């Protein structure tokens, strides 16, 4: 009996959501071509908040080498974008990665994906609100921050922001109210404000060519000493590091690249609109590629201009671009630039509020979150409870947390989401006819799962090892699919251990420490061997709109880079993430697992009971 209950519990964790048949096509606008998807992607990816984040990263983490960080982040974001595209190709419907995970990977995997997707959207909204507040406050002479810091700074715990940002909270609540009243996002507004964003960045880049000096990428200790005497003390200057183009070394570049992943979040908007594409198998990968390419050059130009105009240790972290133009004597340009950035952030904040409530509504409707969150307001058709819960959470985070801490937190969540998607693509390619499974699989799987276990004693160890290297079938079977699942989980574990070693003790590993070097070599050998085992298994040849090339190498490279980047984050960031995950598991195992897809739960027990 205990075995039966354990089996039923496991079945709930991996149960996939059946994909509803397509409804009659509704009246829509013209199909989206590649250019439309690129404009959509650039509008969602290009983040005006990055203008503020560049300051602190350049001053304390990367120096002028931030341009390399953006390049690394762009390349590996492109790999994740391809993984998103293949996952969509398996579920060619408009929706989020939560839906794709539920249909392809199962309930627990979908909950983890959706729960972290909610957090990433909430954090993105809080970051935009905090950035808007910083720029507006700088524009009016920092009167708001000075008043709040003088009133509240003594009572705020050290792990929170220096002062509660009530302006950012008010901004989030304002847009939450507009959304509750039925305000909608607009493709026209997306194009207009994307254009404003590009104009602002173009102005910054041209200014860098006019006022920039290449010497600021080759600074020495003499320059630092001179600037120190001119600034009347070192309090206004950041650290020199080793000077030059990479003042904080290779370690700073890696840390900066991990933070720069935030700058490319948003390409999933292209994937979610893939159903509307005129030629999805061509438009989606091209749309993702060109969107990331355009945004990379924009970020590259802005950060290069910033570091050419001013020495990196003189850059003000809170509002670097505005302060840079003020330092250069372009006072009028400073105000024009600030107004343009505020306009861009205002639209991004407005559009960022919509997907938050949509994901919460979808999970609540499926029963993975409290069903009360799926309540819809009759007059406007808006999910009022989902909007209120997500908006209030974003407002609280904008109120209490520092902008840099929010970005660190978002980076961990984003990298985990990329890892989950890459893992999904890796294992799904080796599964037999995944799309053909229906609700009847729940009744049939116990028998199917019993066969491999029963055959183990009959087959010798040599036959098992032989099947790993020389599969007996040219098409995926249940057995080969299980081998890939187990090998993929083992690879994630090995890559996590390797990433932890390389992140925490890099100098010891590369200097030849006998223990750490031996462990690293052993891990690399194991990773190579397990990867070869996966490569030897037969792949599913079902046609898809798009497939990630060079499987299993590219998804594994993406997983390794993501995990390694996560290991670069601070202990405080991991503590916050751990608290979020504990809350999620409490909700799932206390409520979601018993209420998800209730109509299926009611159909299952009789079938399962009849077999016992």
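Glycine is no exception: its Cβ is also placed from the backbone N, Cα and C atoms.
Whatever TrEMBL says is automated annotation, not expert-curated.
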### Query
TrEMBL lists transmembrane segment for one of the ranges 409-428, 429-448, 449-468; which is that range?
409-428
### Query
Taking 19-36, 37-54, 145-162 as the choices, which stretch does TrEMBL tie to transmembrane segment?
37-54
### Message
Looking only at the domain 'Cationic amino acid transporter C-terminal' (546-596), how are its residues distributed among DSSP helix, strand and coil?
### Response
40 helix, 0 strand, 11 coil
### Query
At an 8 Å Cβ cut-off, counting only pairs 6 or more apart in sequence, do the transmembrane segment (283-313) and the transmembrane segment (192-210) clear the bar of 3 or more pairs?
yes
### Query
Hey, does the transmembrane segment (325-347) touch the transmembrane segment (37-54), meaning at least 3 C-beta pairs closer than 8 angstroms, sequence gap 6 or more?
yes
### Query
Cβ pairs under 8 Å with the transmembrane segment (409-428): which stretch of 252-271, 325-347, 384-403, 483-503, 544-567 has the most?
544-567
### Query
At an 8 Å Cβ cut-off, counting only pairs 6 or more apart in sequence, do the transmembrane segment (384-403) and the transmembrane segment (166-183) clear the bar of 3 or more pairs?
yes
#### Entry: Positions whose Cβ lies under 8 angstroms from the transmembrane segment (483-503), at least six residues beyond its ends
419, 423, 426-427, 430-431, 467-468, 509, 516, 519-520, 523-524, 526-527, 530-531, 533-534, 537, 556, 559-560, 563-564, 566-568
### Task
Would you report the average pLDDT that the model assigns to the domain 'Cationic amino acid transporter C-terminal' (546-596)?
90
